[in-house]
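Trainee: Annotations per Swiss-Prot:
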- His187: active site, proton acceptor (ACT_SITE)
- Gly11, Ala12, Ala13, Gly14, Gln15, Ile16, Ala17, Asn105, Gln112, Val129, Gly130, Asn131: NAD(+) binding site (BINDING)
- Arg92, Arg98, Asn131, Arg162: substrate binding site (BINDING)
Amino acid sequence: MPEPVKVLVTGAAGQIAYSLLFGIAKGDVFGKDQPLILVLLDITPMMTVLEGVVMELQDCALPLLKEVIATDKEDVAFKDLDVAILVGSMPRREGMERKDLLKANVKIFKSQGAALNKYSKKSVKVIVVGNPANTNCLTALKSAPSIPKENFSCLTRLDHNRAKAQIALKLNVASDDVKNVIIWGNHSSTQYPDASHASVTLQGKDVGAFEAVKNDDWLKGGFITTVQQRGAAVIKARKLSSAMSAAKAICDHVRDIWFGTPEGQFVSMGVISDGNSYGVPEDLMYSFPLTIKNKTWKIVEGLCINDFSREKMDITAKELQDEKETAFEFLSSE
Ligand code: NAX
């Protein structure tokens, strides 16, 4: 048996974590032979709820789960981590200004970034889920200068999976028959779900998504807005935000970091831009198409970007730049 992998989940008493922890603990992410130590962090008022989550994890009697550590202390939570999945964040309350939300989150992710810097392994892989995910991820990265910036990513895989599923539903094929959709930019309603490089397997043959769907208006209209607004649609119907699908997407994202992406396929993740890819300004956490090998990601280069895509990619970059400016005002004044 290999050494256990030590994985932190923050927001561990919340609804995403409730599905996510089970997925990780039963081997969906790190494999069926990989023992695990799970660390659960939440805020002090949630410690009683967290005790219940720990009891349930114990009661699952899962062979891979060697230890569960539940805590409200960052020095305990971030110690010697291999993987940190940062799900907990300050939720937007009614009447709350966007700026106030960003400010509250800068405080959390600055502190957690500093804790990563101080207590975690330098090889730690950090995945940010809590919203605004891209900017929270950038804040954590800036607060952890001793950890390589390539180790940080934020979740746009739920949007990616939503895009895949919409095309599969439209064509009545399995979601795995749809490959290489792209989410560009921010995990927000300005994101750009792009089907122009996607392919679909129809009767054993790969064809371009536009050729398969035969409805350009939909792929350039309803498809995009459905994916952009899917989160809001789930809230409207369920009166709660996406949790099962978010947990599944986190499992997909981390598994791909750990084991790599399948040959010939790419996935979407928010990663740091160096200013050299697709005209995206430097130093933004922007969602790109990536391939991953040996736990190292690479942006898929050389895709043709038409004017329609260019405009949408720039809108979401602009929003990220604005968020970054606001966050950095607070970061320097904190
Ligand atoms: P919940 O409100 O159910 O759970 C959040 C948990 O985080 C709570 O238990 C809370 O006490 C805890 N928390 C708050 N501050 C904390 C801190 N400083 N340290 C540790 N824990 C802290 O929310 P849930 O539905 O689980 O969603 C969690 C986050 O994921 C939200 O920010 C949500 O907006 C975001 N999402 C991001 C997605 C993405 O694709 N990037 C998709 C799903 C989801 O909407």
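Cβ coordinates are placed from backbone N, Cα and C, and glycine is handled just like the others.
Owing to the predicted nature of the structure, the values given are computational and were not obtained by experimental measurement.
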Trainee: Which of the recorded positions Ala13, Gln112, His187 has its Cα nearest to the Cα of Arg92 (substrate binding site)?
Mentor: His187
Trainee: With Cβ-Cβ distance below 8 Å and at least 6 positions apart along the chain, what are the contacts of Gln112 (NAD(+) binding site)? List them in sequence order.
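Mentor: Set apart from Gln112 (NAD(+) binding site) by at least 6 residues yet with Cβ under 8 Å, we have Thr10, Glu74, Phe78, Ala84, Leu86, Ala140, Ser143.
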Trainee: For a quick check of understanding: among the binding-site residues Ala13, Ala17, which residue's Cβ has the most other Cβ atoms within 10 Å?
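Mentor: Most Cβ neighbours within 10 Å: Ala17.
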Trainee: Please check the recorded positions Arg92, Arg98, His187 against ligand 1 and give me the ones with CB under 6 A, sequence order.
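Mentor: Result: His187.
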Trainee: Given the binding-site residues Gly11, Gly130, which one has the fewest other C-beta atoms within 10 angstroms of its C-beta?
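Mentor: Each of the binding-site residues Gly11, Gly130 was scored; lowest Cβ tally within 10 Å is Gly11.
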Trainee: Output the one of Arg162, His187 that, of all these recorded positions, has the highest number of other Cβ atoms within 10 Å of its Cβ.
Mentor: His187
Trainee: For Arg98 (substrate binding site) and Ala13 (NAD(+) binding site), determine the Cα separation and express it in whole Å.
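Mentor: With the alpha carbons as reference points, the distance is 25 Å.
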Trainee: In Å, how long is the longest CA to CA span across Gly11, Ala12, Ala13, Gly14, Gln15, Ile16, Ala17, Asn105, Gln112, Val129, Gly130, Asn131, which the record gives as the NAD(+) binders?
Mentor: 20
Trainee: Hey, what's the widest CA-to-CA gap across Arg92, Arg98, Asn131, Arg162, the substrate contacts in the record, in Å?
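Mentor: Greatest Cα-Cα span of the listed binding residues: 25 Å.
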Trainee: Between the Cα atoms of Ala17 (NAD(+) binding site) and His187 (active site, proton acceptor), what distance do you get, rounded to the nearest Å?
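Mentor: Here the two Cα atoms lie 19 Å apart.
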Trainee: Which has the fewest other Cβ atoms within 10 Å: Arg92, Arg98, the binding-site residues listed?
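Mentor: Across Arg92, Arg98, these binding-site residues, the one with fewest Cβ atoms within 10 Å is Arg98.
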Trainee: Could you round the CA separation between Asn131 (substrate binding site) and His187 (active site, proton acceptor) to a whole angstrom and send it over?
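Mentor: His187 (active site, proton acceptor) has its Cα 8 Å from the Cα of Asn131 (substrate binding site).
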Trainee: Looking only at Cβ atoms, how many others are within 10 Å of the one on Asn131 (substrate binding site)?
Mentor: 20
Trainee: If I restrict to non-local contacts, at least six residues apart, and a C-beta distance under 8 angstroms, what lies near Gln15 (NAD(+) binding site) in its own chain?
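Mentor: In sequence order, the residues whose Cβ lies under 8 Å from that of Gln15 (NAD(+) binding site) (at least 6 apart) are Leu240, Ser241, Ala243.
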